[in-house]
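Comments concern the structure below.
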């Protein structure tokens, strides 16, 4: 291990070189003349102004993203499966995430090169068109094509939201706002269930009810995409709704993050640094283990409900509580940790009711429909796990290229989990899907252990940094690195949230 004095010298050299190379003229206009960070709270009125300007776009975007990609779940009990055979339906759920994975690295690169808000709006509009196109095809090949395109255009959404958030709010504020936009998955489940129920009562039309549902949602999503492209600000500096003094206040406010601001130069060494960190790979496998149940549940929940003996219409309605479970789990994953500071611990905690739900679903006899149904509801408690990872990434990653790379790695792991999910529900195992249930329990237990391990690794790293910077002066501990594209490894003053 290097001596503290050696690392201190390296840090000083890094700061000096970064200042010379990464500083932008637009940001320097708002830079504080002081070289150290001081606490700067935003006026309450300005906080509300920013929230009302940005959060509606975040919330409606994530609402539509989740609802649009899970429309296939509702269409499964509305007649689309009569055009499919064997594992065709599972494959439609899988191919979406294959294209998602393939797109994610390219999306991460593009996000760094173009305004994130504009890129987000473009992709929303494009996936709206693709959703509407679902209604134009009933063949397996045609549905595979539109699912591939949907995965391509939805892939950049979460990374865009995370990157934009880091330019407006402090770490605790980002976590709380992640709760508000990610909890829209719960509201999407409410709306999706009711919408499916309603459209199943549409008869005497030349096209099927599921086709009408896809067309309606596609048009709505396209309109939202155009509005997002035109109105969502990328960062405080380019925001037309803020005065110059308000822009200055926001810049000063987010300096405490120690995560930098923005840099258009793609730095491959930051990607390498991220790939060599043990935390990256621990988190990667935790996400895979934790999201496998969501991959199966989001695609097969309607079929699971129907297997309990409910009609197609009632199968839609009994999914309503899944929305409430998603909102509650997001609250515990994102909102509570913003005050307690414990992120990894809550990641572990939310897997407990999920494991219990899997146990009920597996262990209870088919005659106990109420108990098995309750088990399915508890399974969805883990649905917000990825939201806690989004908040973790925003709080614990510095360096603009590294942020985008870590978000891409997160979404790739998320997709792998969701790829595995539908595939473990094989048609030959219907209606009980016993092998799938056993795999879910094992994976959830692994995610619990992984979360505890991650917490241990991060606490150990923070203690190591405390020792290395023990002889720093107050000024050295509070260096203003907002305009520098330092990674969390390069900035010894950075402390990880756990």
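Cβ atoms here come from the backbone N, Cα and C positions, even for glycine.
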Which stretch does TrEMBL mark as transmembrane segment, out of 208-232, 233-257? 208-232
From the ranges 75-93, 94-112, grab the one TrEMBL calls transmembrane segment. 94-112
As TrEMBL has it, transmembrane segment corresponds, among 438-458, 459-479, to residues 438-458
By Cβ distance under 8 Å, which residues at least 6 away from the ends of the transmembrane segment (376-395) in the same chain are close to it? 158, 161-162, 165-166, 171, 174-175, 178-179, 182-183, 185, 259, 283, 286-287, 290-291, 293-294, 297, 301, 304-305, 321-322, 325-326, 328-330, 332-334, 337-338, 343-344, 346-347, 350-351, 353-354, 356-358, 360-361, 403, 406-407, 410, 414, 440, 444, 447, 496-497
The transmembrane segment (344-364) and the transmembrane segment (48-67): do they have three or more Cβ pairs under 8 Å, with pairs 6 or more apart in sequence? no
The mean pLDDT across the domain 'Major facilitator superfamily (MFS) profile' (54-462) is 84
May I ask you to check whether the transmembrane segment (94-112) and the transmembrane segment (407-426) make contact, with contact taken as at least three Cβ pairs under 8 Å and only pairs 6 or more apart in sequence counted? yes
Do any residues of this chain, six or more beyond the ends of the transmembrane segment (143-164), have a C-beta under 8 angstroms from a C-beta of it, and if so which? 54, 58, 61-62, 65, 68-69, 72, 80, 83-84, 91-92, 95-100, 102-104, 107-108, 110-111, 116-117, 119-120, 123-124, 126-127, 130-131, 133-134, 137, 181, 232, 234-235, 390, 393-394, 403-404, 407-408, 411
Of the listed stretches 208-232, 320-337, 344-364, the one with the highest count of C-beta pairs below 8 angstroms to the transmembrane segment (185-202) is 320-337
